[in-house]
Amino acid sequence: MDVLYSLSKTLKDARDKIVEGTLYSNVSDLIQQFNQMIITMNGNEFQTGGIGNLPIRNWNFNFGLLGTTLLNLDANYVETARNTIDYFVDFVDNVCMDEMVRESQRNGIAPQSDSLRKLSAIKFKRINFDNSSEYIENWNLQNRRQRTGFTFHKPNIFPYSASFTLNRSQPAHDNLMGTMWLNAGSEIQVAGFDYSCAINAPANIQQFEHIVPLRRVLTTATITLLPDAERFSFPRVINSADGATTWFFNPVILRPNNVEVEFLLNGQIINTYQARFGTIVARNFDTIRLSFQLMRPPNMTPAVAVLFPNAQPFEHHATVGLTLRIESAVCESVLADASETLLANVTSVRQEYAIPVGPVFPPGMNWTDLITNYSPSREDNLQRVFTVASIRSMLIK
């Protein structure tokens, strides 16, 4: 894997810097590195593809070295270099695709394609070994079963979940009380509602709670907490739990009271925040517990009192909500996030070449399915294919 990264890094630098008019002295070190790559690869044969519709391709390396010059690189020099670069880039691209479409239930962190296994031979270590990539560094750690650490921006840690619970209901669905939520990606939005605006609740206060377990532990997380849930701020028609009917939700938004967010690890509270909004942080956690209250306004102008009458019919429904968004965090496991296109890269290649469903990943690389059942086998395979996708993205956009 590190050899593949070193190949890709060398080729990227060569493609960017070996251009007509450049002083040879400015790229002499790169050209020496490039020649070392050619020397190491010459005389070797590889085969890629042969799974799904990914075609079989044979690769033979027999290239001349780039020479030295006292002056600028001319058009002939650059054209010779470009022909070699293009062949190598095509080779790396096909090795990456061949690796990204394969999976294994056992030791899925190790190379699965014949071409990448061959590149793991000791003789290829002479290709300017480079371990500067976060993905390569963590792949080496995971391969030795040592602790890894990935930094993510808006990590997709929450499987998609959109539903509701009713703490008070009737067949007519005309005086409901409960919670509804939408968890997806890096964001939780939860709303508590009471059609009667807590008229019969103790002290005219309704208490709500929303608990979200994570599939992996997050550490050093920067989080945004807001006293609102905008996705539940407009009228909608909702299917009943049994699917027999529908009910109308017409929210009027109030500010939540006594808001508390707890971050827990193995059932123990690690961080707690009360009535604090904006940016907060959490050290390490595997569960988030949100609690908040809906309080009936003790004093109301006539216009507000019309919205919240003391008896039915309740045409407007008092609602309070919270939004929690994980902006950045560290995780030992690889995740899809907002700053990378690795999941899309892997998925698009598997779709383009009609790769059959294997023993590890769900059909279509469905992320909700994958993260909901994030087994050690899936974790190993996903880290490997994401590492390869990160290497491919250096050359192929």
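Yeah, the Cβs are placed from backbone N, Cα and C, and that goes for glycine too.
Keep in mind it's a predicted model, so treat the numbers as computed, not measured.
According to Swiss-Prot, the feature region 'Interaction with the inner capsid protein VP2' maps to 62-73, an assignment based on sequence analysis. Here the region 'Interaction with the inner capsid protein VP2' (62-73) returns a mean pLDDT of 90 for the predicted model.
Residues near H153 (Zn(2+) binding site) in space but far in sequence (CB under 8 A, at least 6 apart, same chain), listed by position: E327, S328, D337, A338, S339. Marked as Zn(2+) binding site by Swiss-Prot on the basis of sequence analysis: H153.
Cβ neighbours within 10 Å of D286 (Ca(2+) binding site), excluding its own Cβ and spanning all shown chains: 16. For N266, D286, the entry in Swiss-Prot reads Ca(2+) binding site, with the evidence type sequence analysis.
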Spatial neighbours of N266 (Ca(2+) binding site) that are distant in sequence (at least 6 apart) but have CB under 8 A: D286
